[in-house]
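Please read the structure below before turning to the comments.
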Amino acid sequence: MALRQIRLSEDEILRKKSRPVEVVDDKIRQILDDMLDTLQNTENGAAIAAPQVGILKQLVVIATGEDIIKLVNPKIVKKEGEQEVVEGCLSIPNVYGKLKRPKKVTVEALNENGEKITLTGEGFLAKCFCHEIDHLDGILFTDLVTEYIK
């Protein structure tokens, strides 16, 4: 188990675009495992993107309940509907805000074995997909907030 330091909002790495992963190898799988360990060591985190642990690669880990999703080079290929959500972020502790996200999204990515996968998420999972893929483009949820929650 390797815990990585979560980068905070003032870290400029969070504003940079992540690079696609060329080959899904043991090194990439280790980073994904470290990201999962780091996520599971947080108080109430549901997902994490590689830039949040200082790595500019297109990697995302989502842990919702018993489901663990590891994504390499994820791209949103379809959005449906709209929902108002409340979000927070491991990189911006104790800040929460309302924003609009698609109600349903479809994502294409590679899994940790380098196989192409397509996943569709609704509600909370759709929000996670959008939030984490935004991180890969240097976008923080605070860029999209319509109202902060005290």
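Count begins at 1; order follows the chain as displayed.
Even glycines carry a Cβ here, placed using N, Cα and C.
As written in Swiss-Prot, here are the features:
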- CYS89, HIS131, HIS135: Fe cation binding site (BINDING)
- GLU132: active site (ACT_SITE)
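You'll find the Cα of the residue listed as 'active site' roughly 10 Å from the Cα of CYS89 (Fe cation binding site). There are 22 other Cβ atoms within 10 Å of the Cβ belonging to HIS135 (Fe cation binding site). The Fe cation site is defined by CYS89, HIS131, HIS135, and by the 8 Å test on Cβ atoms against their centroid, the other residues of the chain that qualify are ALA47, ALA49, GLN52, GLU87, LEU90, SER91, GLU132, ASP134, LEU140, PHE141.
Around the Cβ of HIS131 (Fe cation binding site), the same chain contributes ALA47, GLU87, CYS89, ARG101, PHE141, each under 8 angstroms and 6 or more positions distant in sequence.
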